[in-house]
Amino acid sequence: MSQKIRSTTVIAVRKDGKIVMAGDGQVTMGETVMKGNARKVRKIYDGKIITGFAGATADAFTLLEKFEIRVKEFSGDLTRAAVELAKDWRTDKMLKNLQALLLVADSKTTLLISGNGDVIEPEEDVLAIGSGGNYAYASALALMQNTNLSAREIAEKSLQIAGKICIYTNGKIITEEI
């Protein structure tokens, strides 16, 4: 019997020269919470880039590894690395079956990378992915437009709100900031 592993809400918020990415810690298999403190956001490239993932964990780690190789290959050029990963992801026989989404950000740019070959830069200074992504996204937009909270506070409060709505999102938040 194969049960779908569900996990995650990850959000990126850019405000006042800061980029913050935060993710909850829950991994769920079927109706069971398997882990409550998974690390879904991390810094790479000497702390200059933040990455986050949603989807199948093994798939996401494979893609993060490939992305990190591309970042090094292109000397930290986030956009070029993202575009090249998206091309690989879409055309490689093994990679195209991977089920995950990636958020990546550096001091200037935030991008969503998908297996469809999409590399999307947000119109707003917020991006969110995962099972609770829409809840976190809506919360963050409201907080950005109606409060003076910092990027970190907006990211964390948005995940807390998503966790109250989405059963696949918990309140154990890990945050990274550049």
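Here, residue 1 is simply the first one shown, and the rest follow in order.
Each residue, glycine too, has its Cβ placed from N, Cα and C.
The secondary structure of THR8 (active site), as reduced to three states from DSSP, is coil rather than helix or strand. For THR8, the entry in Swiss-Prot reads active site.
Feature annotation from Swiss-Prot assigns Na(+) binding site to GLY163, CYS166, THR169; the stated evidence is sequence analysis. Remark: GLY163 (Na(+) binding site) has THR9, ASP24, GLY132, THR169, ASN170, GLY171 as non-local neighbours, by Cβ distance under 8 Å and separation of at least 6 in sequence.
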Fill in the blank from the handout: Looking at the recorded positions THR8, CYS166, THR169, the one with the fewest other Cβ atoms inside 10 Å is CYS166
